[in-house]
Structure formats: structure tokens, C-alpha cells
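Since the structure comes first, as C-alpha cells, the remarks are kept for the end.
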Amino acid sequence: MRILARLFRLPLALMNGAAAAAGYLLFPSPAQRPTLLAVFLGVALLAAAGSALNQVMERDLDALMRRTCDRPLPTGKLTPAAALLAGLAALSAGAALLSLVAGTVPAAVSLFTLLWYLALYTPLKRVSSLALLVGGLCGCGAPLVGWSAAGGGIGEFPVILLAGVIYLWQVPHFWQLQRKHADDYRRAGFPVFTPPAGADGCAPLCRLWMAAMVAGTLMLPLFGVVRATPLICTILLPVPLLFWSRKRWEPFAGLVLHCYPLLVTLAIFGAK
């Protein structure tokens, strides 16, 4: 089970499921628990499938990086064929669950998001350090799945706003990760984003993106998408990080950035 959890990157898969649940709960109608559960599990399964298939595609590069060399494929705990089979099984289960319970539109959005991740972002990040601006759109698919499963259109303002918040979160989250493991990325041949001021120059840029993320989240209650009270703490939590860039704040910044979508999801659940 631990091997599969590593292959599926279980925490990330569950976070994608939570983002889909947030999109479902955002829709202004009573939540149907079976559909909500299907949305959560279906998207989590498809995210797990994306992780497994990505690790099959990048197993040679994972072996070169300290942070990924202990994954199941580089260590030989799983063969590429077994990992591929596990990924396809998760893909089939997730797509079937969404199709049967949530509908064809949520299933189609999920599959398109998975294709975008594997066929576009995965090869592009070997070429450009700015591939994240393309890959960040993958995270926007989850709330669209939930919203459409609840009966909404995927182009409607409330869910586009939520998807935008998730997109704005992904950029500083990844840049912080890239700064921390820059040597690893270079060793594997991935282009690393390095501004003219050097590695520390990422801090002002990350703060700018975080400010946009906070502003986007603030728009949710301002436009009446959700009630304001449950979101207040979520919105205010990253604000101090916009003014402090000292290294002692980096662990706290990393925790806030990592958990922010989950906090927004919980706030939306509390406002339902």
C-alpha cells in the first residue's frame, strides 16, 4: 500500500479531490452526498492516475533527483509495466465513476485535464522553466468538474473565479519548491527559473503572486459567491508573508502555500 501511495502521490490526489468538492459545494443548490462523494473520489482517482503515468514517463529523470529517487520506479519496487497498469486502472475507475454518477461533462473535463497534464505540461517542462504557466491550468480543472457535476456551466463566473484562485496559488507554490530543490532540477536537466537578481529574487515575485491569490480569494465574498465570515481567516493567513521574506519564515510560508486550497475548500464547506 505504501508503494501505491507513493506512486499515486496520495496527498496531492486527495487535494485535487477536495478542490473538485469545493467546486461542487460552490454551486447554489443543496448538495447531494452520493454525487459529492463521487466527484471527490473520481477526481482523486484521475489525479492519482496522472501521477502514476507521469512517473512512468519521467522515471529516468526521477532517478537523477534526490527528492524523487526513492519513488517506486527508480528504486525498482515497481516495474514500468506495473505502474502503467496501476495508472490505467485508476484512470478507468475515476472516469467510470464520474460518468455514471456525475455525468458526461464532468468526466470529459477531467479527462481533458489529465491529457493536458500528460501530453502538454509533462514534455514542456523539460524545455522551458515557464512551463508552470501552462501546467497551472491543470489545477483549474478540478473545481470545474465539481461545479458541472452540481448542474452549473463550466464558463460561469463563480467557478471561474475559484479556478483562478487555484491557478494563482500554484505558481508561488511551485516556485518555492523549485528554489528549495534547484540543484536537483538542474541535475535532471529541467530548466530552472532564475531571475536577474539570483535565486533570492524569487521572493518579491512570489509575494506578488500571493497578493493576487489573496485578492482573488477576497473576490469570492465580495461578489457574493460565498458568505464572508468563513473565508476571513483563510484570506488573512498569507497576508504577513507578503511583507516578510526572511528565511526563518520560509517553513511557515511553505505550509501556508501547501494548505491554502484545502483551507479555501473548508471555508466554502463552512459557508454552504
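Every residue, even glycine, has its Cβ placed from backbone N, Cα and C.
Remember, TrEMBL labels are computer predictions, not curated facts.
Residues of the same chain lying 6 or more positions beyond the ends of the signal peptide (1-21) and with a Cβ under 8 Å from any Cβ of it are 36, 39-49, 51-52, 55, 71-73, 77-78, 83, 86-87, 90, 139, 142-143, 145-146, 149, 166, 261-262, 265, 269. According to TrEMBL, the signal peptide annotation covers 1-21.
Among the features that TrEMBL reports, transmembrane segment is placed at 37-57 (among others).
As annotated by TrEMBL, transmembrane segment applies to 78-101 (among others). Non-local neighbours of the transmembrane segment (78-101) in the same chain are 3-4, 7-8, 34-35, 38-39, 41-46, 48-53, 55-56, 59, 72, 107, 110-111, 114, 145, 149; each lies 6+ residues outside the stretch with a CB under 8 Å from one of its CB atoms.
Summarising the annotation, TrEMBL assigns transmembrane segment to 107-124 (among others).
Annotation comment: TrEMBL describes 131-151 (among others) as transmembrane segment. Residues 16-17, 19-27, 29, 31, 35, 38-39, 42-43, 47, 50, 98, 102-103, 105-106, 109-110, 112-113, 116-117, 120-121, 124-125, 158-159, 162-164, 166-167, 169-171, 174-175, 261 of the same chain, all 6+ positions outside the transmembrane segment (131-151), place their C-beta atoms under 8 angstroms from a C-beta of that stretch.
Sequence annotations record features per position, and here TrEMBL assigns transmembrane segment to 157-177 (among others).
The transmembrane segment annotation in TrEMBL covers 217-239 (among others).
For 251-271 (among others), the entry in TrEMBL reads transmembrane segment.
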